[in-house]
Structures are given as structure tokens and as C-alpha cells.
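First comes the structure, then the notes that go with it.
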Amino acid sequence: MSAHDQPLFFMLVGICAFLFFVACLRHYSSRSFLPPESWLLLAGVVYGSVQHNYLPTLPVIELSPELVIWLLLPIIIFASARNTSIPALKKDTIPIFCFAGLGVILTLFLIGIPLSWIMSIPLTDSLFFAAAVAATDPSAVAAIFQRFPIPERLNVLLEGESTFNDGTAIVLFSLMAALVLTDAPLSLGQALLQFSWSIAGAIPLGLALGWLAGKLVQHWGEQNRFPGLTLTLLLAYGSYLLGEGVFHVSGVITVLCASLAFIRSRQAGVQPKEGELFTSFWEYLEVLAGSILFFSLGTAAGAHDFPINWALPGVIIVLLVSRAVIVYGGSLLLSALRKPLPLAWQHIMMLGGLRGAVSAALVLMIPADYIYRFEMLCLVFVLCLYTLVVHPPLLRLYLQRVKLAETQEQN
């Protein structure tokens, strides 16, 4: 082997080792009381700490912001909507909008304002951080939900909230990034105009692309599996590129709408085996992308001297209070609108509001020269680790005690 080929050789060896490690971890952690994502975070911390402090000859694992933005984010967003039931989604439009739309915007201030005081940083920077942790990710507790009889409507609410608040949180994060990171910050009016256009322009673009892709796959027929799956991959990346690079709207919202429209347009003509193939393909990509993000977040945190101070439990308390306000306060609003949720469901939504792949992706997108990058990296790591380690066991214990079938609403 020539010296010219050695970097490629060692890179491939590293990729193979990582894939083998992830496969082993997910297999052996299937019986663990913690989700695999928490073990990936901890394994990343160990690797980052060992590499930084003891074995500097080990390769540094660090994702560039560009890699996260252009390679991993479209996969995560497109996959998040793969199991969405459009008819069920329509029935619960108001609750989902309450939690995923108004809830994310309110979370921005419920976390950002106290954090500004706790961390002694400017309000715009604390709001920037709050946008990064506003998105919820119940996928880490999906295995728990599979073991218990979860009412269909509750499952739709959890998936719908996660799907749409991912998009809203990422748009807010991009908006705050423009306010914080650029040399010529936007005015409030410019920011609101940019926010409105990024969403209003992305929705029809994504819907059109998703509808066209769905009809094309349906026209090709069920036996053309490779072309059909390839087209879904092209749709995820193509819609993101068109949204961000050509029309200058939110690529995330474009991908999200494209995914929903694609699912809707092809549902009528898809055979069960084809649906299983689509779901399995995108589940694999989502797990792989999430594994890369969680491990990378762990290595980034482990490669630095981790500050332990009173601010860390303070941020956790702020997160819990903000989630409680959104869930229980939002449920009171829904009761006033005659869309009540059983109290047991509210407790499950409280415990299921984990911080996961999207939060990890957003903090890894922050440029290395940003003054508060390390602080935000540590805080996101702590919040992800806390929600992934503490909440799943509590959720399992709660589901063992409560009888959800008795709390289901009569239609």
C-alpha cells in the first residue's frame, strides 16, 4: 500500500470500526434500562477524553458544521415524518399546532430568559441556545412505547409534536444565528420578515416536490424498489438544496413538507411490502445519522475540561419547568378549546419530551470561533444526557402503573 493510499485506508478502517461498535452497542443495549442513544453519548465522552488526555495519536472525531447541515440534517428531518398518519394528523391539528408551534416559540423565551441570568450572557445568545434545545425527540423512548398499549391518538400527538417542532426550532435557530453570528445583525423587522418568508416559501415548494416524487414512484410500480428508494433519498437532499440554495427559504421546512406530501401522494397505491421497505430503509438511515450525532456530541464534550458548577442543575431545572409549562399549560388551553387531553397523557408527554438528535445537530453546527460555543456544547450535552438517562426509566415505571386504556377518550 502506497503512502498516498494510507489516509483513505485508515479512514475506511475507522468507519468500519465505528459501524461495528454501533451495531454491537445497539444489540446489547436492547435489554438495557437506558436507550442506545445515552450509551452512545457516554461512549463518545470516554473516547474524546482518552484521545484528548492520554492517547493523542487516536484520530480526532469532529463533525464540521457543513457536514451536519448538508449531509445529516436532511436525513433526520425527512425520516422524522416517515410514520406520520396524515388522516390522524388532520384530526389533531389544533393540539399539534399548540405544542409544536406556539410551544416552541414560548420555550425559546422560557429557557432563554432565565439562562441569560444563570450564565451571565447576553439575551440574544441565550435565546440562540434555547432554540437549539427547543426540539423534542421521542424516538429514544420508541422501544418503551412498543412494549405498552399506547393509544393511537397519543402516539400521533407525540410524533406530530416532534415532527413539526423540529422544523420550527431549526428555523428559529437559523434566525437567531443570523442575529448572533453575522457581522451585520438583522433588525427585528428584517428578522420577522425573513422568518415569515422562510416558512411561507418553503411550504408550497416542499409540497409540490413531495407530490411529484410520490406520483413518480407510484407510476414506476411496486417492483422498482431501487429506483423508488433512490428517489426518496434524492427528494430529501434535493428539496433541502433547492430550498436553501436556490429559493432561499427554509430547507428544513421544505424537506418536512416534501416528506409529508410524498407519504400522502403514494399511500393509495403502495403495497404493504413496499411500505415496509420504505420504513426500514429510512429507519436505518435515521438510526445511523443519529448515532453519528450522539457519538460526535460526546467526543466534543469529552475533549474539553468539563466545567462543573451550579449553572448545570439550574439549566436542567429551567428545561423541566419550561416543558411543564408547555405540556400542562397547553393542555389547559386545549380544554378551553374543547380538545382535552387525559392527565395521564400529559404526564407521558412530559416524560417523553427528550432532547435528542436535532439538538445535537444544531449545537454541532455552531462555528468553532463563536465565543460561547463550548458552553453551549456542554449544556446541550448535559440536557441530552439527563433526558436520555433519567426520563426513560421513569417513563417505563409510569407506564407499568397507569392503565392508558382507561384514560382514552371516547370518540
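Note: Cβ is positioned from N, Cα and C throughout, glycine not excepted.
Here TrEMBL flags 20-399 as domain 'Cation/H+ exchanger transmembrane'.
What TrEMBL lists as transmembrane segment is 6-26 (among others).
Residues or ranges marked as transmembrane segment in TrEMBL: 67-84 (among others).
Panel annotation: around the transmembrane segment (96-120), residues 89, 126-127, 129-131, 133-135, 157, 160-165, 168-169, 172, 311, 314-315, 318-319, 321-323, 325-327, 330, 333-334, 349, 375 of the same chain, lying at least six beyond its termini, place a Cβ under 8 Å from a Cβ of the stretch. Positions annotated as transmembrane segment by TrEMBL: 96-120 (among others).
Annotated transmembrane segment per TrEMBL: 166-186 (among others), in sequence order.
If you look up TrEMBL, you'll see 192-212 (among others) marked as transmembrane segment.
Feature annotation from TrEMBL assigns transmembrane segment to 246-263 (among others).
Panel annotation: around the transmembrane segment (284-304), residues 18, 22, 26, 36-37, 40-52, 60-63, 68, 72, 75-76, 79-80, 82, 139, 356-357, 360-361, 363-364, 374, 377-378, 380-381, 384 of the same chain, lying at least six beyond its termini, place a Cβ under 8 Å from a Cβ of the stretch. Here TrEMBL flags 284-304 (among others) as transmembrane segment.
For 310-336 (among others), the entry in TrEMBL reads transmembrane segment.
Within the chain carrying the transmembrane segment (348-368), a Cβ under 8 angstroms from the stretch's Cβ atoms is held by residues 37, 63, 65, 68-69, 72-73, 76, 99, 131-133, 135-141, 154, 157-158, 161, 166, 169-170, 173, 177, 181, 289-290, 293-294, 296-297, 300, 319, 323-324, 326-328, 341, 376-377, 380, 383-384, 387-388, 391-392, 394-395, 398-399, all 6 or more beyond its ends. Positions annotated as transmembrane segment by TrEMBL: 348-368 (among others).
Remote same-chain residues near the transmembrane segment (374-395) are listed as 33-35, 37-38, 41-42, 45, 119, 121, 128-129, 132-133, 140-141, 144, 294, 297-298, 300-301, 304, 306-307, 312, 315-316, 319, 348, 351-356, 359-360, 362-363, 366 (criterion: CB distance under 8 Å, separation of at least six residues from the stretch ends). What TrEMBL lists as transmembrane segment is 374-395 (among others).
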Q) Residues sitting near the transmembrane segment (192-212): Cβ under 8 Å, six or more positions beyond its termini, same chain? A) 171-172, 174-175, 178, 186, 235, 238-239, 242-243, 247-265
Q: Could you give the residue numbers and ranges of same-chain residues that sit at least 6 residues beyond the transmembrane segment (6-26) on either side and whose C-beta is under 8 angstroms from one of its C-beta atoms?
A: 36, 39-40, 43, 59, 287-288, 291, 295
Q | Beyond the flanks of the transmembrane segment (246-263) by at least 6 residues, Cβ under 8 Å | A | 73-74, 77-78, 80-82, 84, 86, 163-164, 166-167, 170-171, 174, 197-203, 205-211, 213-214, 217, 232, 235-236, 239-240
